[in-house]
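**Student:** According to Swiss-Prot, the protein carries these features:
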- 21-40: transmembrane segment (TRANSMEM)
- 50-72: transmembrane segment (TRANSMEM)
- 84-104: transmembrane segment (TRANSMEM)
- 112-132: transmembrane segment (TRANSMEM)
- 156-176: transmembrane segment (TRANSMEM)
- 186-206: transmembrane segment (TRANSMEM)
- 237-257: transmembrane segment (TRANSMEM)
- 271-291: transmembrane segment (TRANSMEM)
- 311-331: transmembrane segment (TRANSMEM)
- 334-354: transmembrane segment (TRANSMEM)
- 367-387: transmembrane segment (TRANSMEM)
- 408-428: transmembrane segment (TRANSMEM)
Amino acid sequence: MLSENVKKISMVEKVGYASGDFACNLIYATVSTYLLFFYTDVFGLSAAAAGTMFLVVRIIDALADPFIGTIVDRTNSRFGRFRPYLLFGAFPFVILAILCFTTPDFSDMGKLIYAYITYVGLSLTYTTINVPYGALTSAMTRNNQEVVSITSVRMLFANLGGLVVAFFVPLLAAYLSDTSGNESLGWQLTMGILGMIGGCLLIFCFKSTKERVTLQKSEEKIKFTDIFEQFRVNRPLVVLSIFFIIIFGVNSISNSVGIYYVTYNLEREDLVKWYGLIGSLPALVILPFIPRLHQFLGKKKLLNYALLLNIIGLLALLFVPPSNVYLILVCRLIAAAGSLTAGGYMWALIPETIEYGEYRTGKRMGGLIYAIIGFFFKFGMALGGVVPGLVLDKFGYVANQAQTPAALMGILITTTIIPVFLLVLALIDINFYNLDEKKYKNMVRELENRDKVYLDHIDDFKA
């Protein structure tokens with residue numbers, strides 16, 4: 001008879017869990033994609049000031065991750081260890097998102113301070129929700145194939161959220177700006193609508209999921225310094241952390257610079273929504289097949305092929321003239337197919353690193369390990385804010401006017417060369433991942449035996 005820890009999860013619960021990432025993407029993908037543009041072209045910050053702020057905020061947020069992860073792993077409530085954060089974090093997350101897209105009548109310095117305060121607040125609140133949300137997968141099941149399935153549904157919904165953000169947010173912001181006669185108000189109302197939907201979905205996620213995996217008594221002793229032991233003994237975690245930095249760096253750079261590339265290099269501002277849509281569209285086709293691809297190719301081949309596809313699509317953009325819009329969109333589609341495959345599948349590897357950490361140390365640290373991953377991927381996301389801002393400033397970008405050839409070259413380099421360089425590093429890194437299917441199954445069998453011993457003697461442990 002199968003342990004409850006490894007049984008199949010119902011599709012209702014998978015969808016409920018996935019709705020949490022749809023909610024987060026409605027809000028945070030809007031921030032990642034449009035906040036830099038909002039700050040430079042609507043709010044009134046310089047590209048350099050906005051780019052520097054993105055870096056500073058990401059560093060603060062990333063440094064907070066391990067502390068939040070430790071707190072999460074010490075949580076023991078009637079709602080479970082991870083789920084309470086979805087319930088109680090939803091409201092402040094929505095309010096701070098709206099404040100980020102609000103333009104107060106302050107001086108230039110006052111606006112900069114306001115932007116720092118609201119963006120730091122939003123980022124920390126997002127972390128407080130996202131760390132336990134991600135770790136929740138490891139508490140739902142130990143079945144590796146089910147983890148891949150849950151992650152595939154999650155990434156499908158996340159990318160559906162991305163599609164909404166890419167296609168409808170520009171339309172909605174433009175409509176509300178035109179209707180109100182105020183572009184700043186248009187963006188504020190847009191985020192208000194997205195926030196209300198996202199908040200409700202986070203609560204639905206809380207209601208529809210269940211934590212199953214047994215928590216052993218030793219976990220009561222989890223402390224912040226356990227992070228150093230994990231890096232010493234958990235090689236899959238180290239490799240995956242580096243991989244997350246790179247992939248999030250590439251995706252964040254591409255998202256941030258895409259609106260500049262379409263607006264200025266292609267001179268087709270009307271295509272911004274389509275460029276964004278094509279960047280998310282392959283997810284609808286690819287992600288449902290990730291579990292099958294995982295079974296057929298295995299981890300390394302799947303990720304290697306995905307990264308190579310992304311590289312090919314980006315390099316092709318260098319050779320396509322800006323006037324050939326259709327071919328550019330095809331290149332974008334190819335790059336996105338690779339990016340979405342790698343970016344979707346890598347999340348399924350996090351529960352493996354949690355299991356491996358428990359196997360090596362005897363402590364199950366879902367929150368802390370997910371926070372470690374978060375610490376690194378947020379540095380990757382920081383690249384998406386700081387690199388485009390600093391490169392554009394270096395090449396002489398000036399907002400809301402025709403760009404010089406140097407500025408256009410800076411936009412093109414940021415769109416293609418920089419991401420390709422990072423993807424090559426990702427190819428090298430992921431081939432050091434050493435946890436294959438055979439090792440994983442043996443490890444889970446051992447962990448299940450340990451759980452059985454604990455449950456058989458639970459009264460002795462409590463004594």
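From the backbone N, Cα and C atoms, a Cβ is placed for every residue, glycine too.
Describe the structural context of these features.
**Tutor:** Within the chain carrying the transmembrane segment (21-40), a Cβ under 8 angstroms from the stretch's Cβ atoms is held by residues 46-47, 50-51, 53-54, 93-94, 97, 100-101, 115, 119, 122, 126, 129-130, 133, 154-155, 157-162, 164-166, 169, 173, 187, 190-191, 194-195, 197-202, 205, 252, 255-256, 258-260, 276, 381, 384-385, 388-389, 399, all 6 or more beyond its ends.
If one looks beyond the transmembrane segment (84-104) by at least 6 residues along the same chain, the residues whose Cβ comes under 8 Å of a Cβ in the stretch are 20, 27, 30-31, 35, 38, 42-44, 72, 75, 77, 110-111, 114-115, 118-119, 121-122, 125-126, 128-129, 131-133, 184, 187-188, 190-192, 194-196, 198-199, 202-203, 205-206.
Here the transmembrane segment (334-354) has long-range neighbours at 134-135, 137-138, 142, 144, 147-148, 151-152, 154-156, 158-159, 234, 236-237, 240, 243-244, 247, 250-251, 254, 278-283, 286-287, 290, 293-294, 299, 302-303, 305-314, 316-317, 364-366, 369-370, 373, 426, 433, 435, 440, meaning same-chain residues at least 6 beyond its ends whose C-beta is under 8 angstroms from one of its own.
With a threshold of 8 Å between CB atoms, the same-chain residues lying at least 6 positions outside the transmembrane segment (408-428) that come near it are 243, 246-247, 249-250, 253-254, 257-258, 260-261, 264-265, 304, 307-308, 310-311, 314-315, 317-318, 342, 387-388, 391-392, 394-397.
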**Student:** Count the Cβ pairs between the transmembrane segment (271-291) and the transmembrane segment (156-176) that lie under 8 angstroms and are 6 or more residues apart in sequence, then report whether there are at least 3.
**Tutor:** yes
**Student:** Mind pulling out the one from 50-72, 112-132, 237-257, 311-331 with the most Cβ pairs under 8 angstroms to the transmembrane segment (367-387)?
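**Tutor:** Per the Cβ count, the answer is 50-72.
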**Student:** Under an 8 Å Cβ to Cβ limit, what residues of the same chain, 6 or more beyond the ends of the transmembrane segment (50-72), are close to it?
**Tutor:** 36, 39-40, 81-82, 85, 112, 115-116, 119-120, 123-124, 126-128, 131-132, 135, 222-224, 226-227, 365-372, 374-376, 378-379, 381-382, 384-390, 392-393
**Student:** Hey, which bits of the same chain come close to the transmembrane segment (112-132), Cβ under 8 Å, at least six residues off its ends?
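**Tutor:** Here the qualifying positions are 24, 27-28, 31, 35, 39, 43, 45, 49-50, 53, 56-58, 60-61, 64-65, 68-69, 72, 75, 81-86, 89-90, 92-93, 96-97, 99-100, 102, 104, 106, 202, 367, 370-371, 374, 378.
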